[in-house]
Amino acid sequence: MAVRSKSSKAWLHEHINDQYVHMAQKDGYRARAAYKLLEINEKDKIIKPGTVLADLGSAPGSWSQVAAKLTGTSGAVFALDILPMEAIGGVSFIQGDFRENDVLAQFETLLDNRPLDLVICDMAPNMSGNAVSDQARSFYLCELALDFASQHLKTGGSFLVKVFQGAGYQEYMAAMREIFGTVQTRKPEASRNRSSEIYLLGKNKR
């Protein structure tokens, strides 16, 4: 218990002193993760006015907030999560598991035959503390997201996903390269240095 308590105190200290936490509070974003997407988009311009995108594992909603601002009224943002999410202007939210037929049917109805330009995914499992198990569960979610992207993205579309480097990383990269013309890595400044998280950006879906 002492180790857990010490770790929790260290996390709380880091959180309180985190510039991105303060920026998120000031700018009205629900989580510091908003700045990761903003930085990636500044470089890669994957979201612009008119973009039609799906945000998988969207709660609490910071990526959907960013996406709604960047797509504007001419675009569309569809957010999906099994967890509840407070409403965001310009975002269509579906609560449910995106593997399930009824959820997919809702999504396809809202999409209304529009081409899907982009899928973004910042999902991570609830961590158990078992590194091997957590890594496996993380890549399972990533595989589900890749499957969704491969089925729903238009030809030429893009896919941005958070992964954790370690077991399964190279295999996942290889799977993405089979689906996308290019796959690039991104490590935004807003990612904590100690984190093994990295973002993979697949462009030009085959």
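Note: Cβ is positioned from N, Cα and C throughout, glycine not excepted.
Note that the structure is predicted; figures quoted are calculated from it, not measured.
Features of the protein shown, as given by Swiss-Prot:
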type	residues	note
ACT_SITE	Lys162	active site, proton acceptor
BINDING	Gly61, Trp63, Asp81, Asp97, Asp122	S-adenosyl-L-methionine binding site
Inset, instruction - In whole Å, could you give the widest CA to CA gap in the S-adenosyl-L-methionine site formed by Gly61, Trp63, Asp81, Asp97, Asp122? - result: 18
Legend entry - Alpha-carbon distance [Lys162 (active site, proton acceptor); Asp97 (S-adenosyl-L-methionine binding site)] in Å: 18
Legend entry - Spatial neighbours of Asp122 (S-adenosyl-L-methionine binding site) that are distant in sequence (at least 6 apart) but have CB under 8 A: Ala33, Lys36, Leu37, Gly57, Trp63, Lys162
Legend entry - Secondary structure of Trp63 (S-adenosyl-L-methionine binding site) (DSSP, helix/strand/coil): helix
Inset, instruction - Check the binding-site residues Asp81, Asp97 for other C-beta atoms within 10 angstroms of each C-beta and report the one with the most. - result: Asp81
Inset, instruction - Work out the three-state DSSP category of Asp81 (S-adenosyl-L-methionine binding site). - result: strand
Legend entry - Largest tally of Cβ atoms lying within 10 Å of a Cβ, found at which of the recorded positions Gly61, Trp63, Lys162: Trp63
